[in-house]
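Per Swiss-Prot, these features apply:
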TRANSIT   1-42  transit peptide
BINDING   T66, G67, K68, N69, K92, I145, T146, E147  CoA binding site
BINDING   Y209  substrate binding site
ACT_SITE  H298  active site, tele-phosphohistidine intermediate
Amino acid sequence: MSRQVARLIGSLSSKARRCSTGGSEVFPSCQSLTSLTQSRSFASDPHPPAAVFVDKNTRVLCQGITGKNGTFHTEQAIEYGTKMVAGVTPKKGGTEHLGLPVFNSVAEAKADTKANASVIYVPAPFAAAAIMEGIEAELDLIVCITEGIPQHDMVRVKHALNSQSKTRLIGPNCPGIIKPGECKIGIMPGYIHKPGKIGIVSRSGTLTYEAVFQTTAVGLGQSTCVGIGGDPFNGTNFVDCLEKFFVDPQTEGIVLIGEIGGTAEEDAAALIKASGTEKPVVAFIAGLTAPPGRRMGHAGAIVSGGKGTAQDKIKSLNDAGVKVVESPAKIGSAMYELFQERGLLKQ
């Protein structure tokens, strides 16, 4: 979709927002405009919470919308059908970008558009402050794509997150979250996703895309895909996502992609074992041959003090009844075989 079309869609939705707040006298075409933008309206009617963090009713604002990355990925989100309702860039409030209203602060954007989620495309030195602003505005969800945020900044963010219960952070240093066919928040390529029955949670962005492509190829599709990021201090972990997938009726199977470093995979294995879930789980752990003490890509991908090895993680997952594959190329076929064995394939 061209930038002009993205602007048109955004402009229509912006005017529909003004209509919904009593602007029919100023905008006489509001009645017809509302019907054109019904799927992107900003109704104040409460919706049931999303099964796994996002759905078609999620209203998203973009922090850093006027930057190169913010502009490009907002266009992609609008094209995908995500309800992008606003942008936030300090000192640019009162303007429009891609047809969306731009505000000086998250609080102003939330009050005016009823946004309940944010995606952050802000440079690393300022990203933690952007996250804190979203927390202070009490958004339901913040998705931070930014890589390279100083870890001491994220320690402060983690403290703020742990001091409240309203806002959830996904990331940083992640591809984002997508519910295929409904809502895309992040940098993942939308076209490889297909609405389906597999929940995917991963510390690696590119391996997430591999799992998506394979589950699409075998006809299973995805219910929700969450990239939790590879930094040591992130907002959402495997356990948070698994708890959602276990009770989500659309999710019939789960793919977990981990890597060396930390104990997140061991914690996930303990939860899977304790839950007694009957949903098949396939896992892949990256970094089997990584030397101890050397960081492998992500800031959190490091074996230190004899902990966080791929071997330990694989053993924990195997003990929990998880099918662990030795190559990411086998994720899709392994899940399909488990569905066959358990009679879960619909004829």
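Backbone N, Cα and C atoms are what each Cβ position is placed from, and that goes for glycine too.
Because the structure is a prediction, the values reported are computed rather than measured.
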Completion exercise
One should report the C-alpha separation between K92 (CoA binding site) and Y209 (substrate binding site), rounded to whole angstrom, as 35
Exercise for the section: With CoA as the bound species and T66, G67, K68, N69, K92, I145, T146, E147 as its recorded binding residues, calculate the greatest Cα-Cα distance and give it in Å as a whole number. Expected result: 24
Problem - Number of Cβ atoms other than its own within 10 Å, given for I145 (CoA binding site) - result: 26
Fill in the blank from the handout: For G67 (CoA binding site), the same-chain residues 6+ apart in sequence with C-beta under 8 angstroms from its C-beta are T89, Y121, V122
Practice task
Tell me the Cβ contacts of N69 (CoA binding site) under 8 Å, same chain only and six or more apart in sequence, or just say none.
Solution key: Y121, I145
Exercise for the section: Would you mind pulling the DSSP three-state label for I145 (CoA binding site)? Expected result: coil
Problem - Alpha-carbon distance [Y209 (substrate binding site); K68 (CoA binding site)] in Å - result: 23
